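Quick notes on the structure that follows.
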Ligand code: APR
């Protein structure tokens, strides 16, 4: 039976694809206030600004490519059962070849009806504009989780983390809950490896590879038996 590797990723996973992180120098939350672009109240107050923020990120994403880290995670599927649980709303894990990706915070390439949240649409890299509506005439919004909103995939993610034989944490500051709580869902016997040049100190028992996603994953894969028990 192949070991199950669960990989919890954040914005740092996509940094080497040229996408901004949130809390590094020059990150998105230095350029915008969360309260202006990433809450339901912001959407109520200034729909156009919020839609523009996500339209700009979607356009950036259209021209971004999966990086070596995304491709190495896809290669890992040759030797292990791999589940990627990502806080990222980009589609780079899928484009990099990963086949089991769970988006905790939603997906930029999808829109959903403001008043009928069960209506979700694939929009690729197209803009969402004020006045764009669902089939039932309600405004469309980005299909992403804003601050203060529920994380519907959380329980499914926690279940998956509990079945991990190894937990890899790549490119997340682990500052945002409830996503960060997943790092504590593994049994004490399950090894945790953090890959991040500036790894958060919150996981004292984790092994840390203080490198970027691409280099760090390559190092981890070199040191790990293929397909065997880790
Ligand atoms: N490779 C790996 N990690 C990197 C790289 C890289 N090349 N560059 C930066 N990092 C690390 C940083 O050191 C930091 O620990 O990526 C992490 C990015 O942290 P954040 O910017 O806080 O992003 P993230 O943890 O994904 O934020 C979580 O916050 O704003 C919300 O919804 C948003 O999903 C996001 C959540």
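Each Cβ is built from the backbone N, Cα and C atoms, and glycine gets one as well.
The active site, proton acceptor feature in TrEMBL is assigned to 105. Cβ neighbour count for residue 105 (active site, proton acceptor): 20 (other Cβ atoms within 10 Å of its Cβ, all protein chains included).
For residue 14 (NAD(+) binding site), the same-chain residues that are 6 or more apart in sequence and have a Cβ closer than 8 Å to its Cβ are 64, 67, 70, 88, 90, 92, 171. A helical conformation is recorded for residue 14 (NAD(+) binding site) in the three-state DSSP classification. For 10-29, 87-90, 171-173, 213, the entry in TrEMBL reads NAD(+) binding site.
Its Cβ taken as reference, residue 57 (substrate binding site) is surrounded by 21 other Cβ atoms within 10 Å in the chains shown. In the three-state DSSP reading, residue 57 (substrate binding site) counts as helix. Per TrEMBL, substrate binding site is recorded for 54, 57.
If you look up TrEMBL, you'll see 1-230 marked as domain 'Deacetylase sirtuin-type'.
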On average, what pLDDT score does this prediction assign to the domain 'Deacetylase sirtuin-type' (1-230)?
95
Under DSSP, is residue 26 (NAD(+) binding site) helix, strand or coil?
coil
Close-lying recorded positions around ligand 1 among 10, 14, 22, 87, 105, 171, where CB distance stays under 6 Å:
10, 22, 87, 105, 171
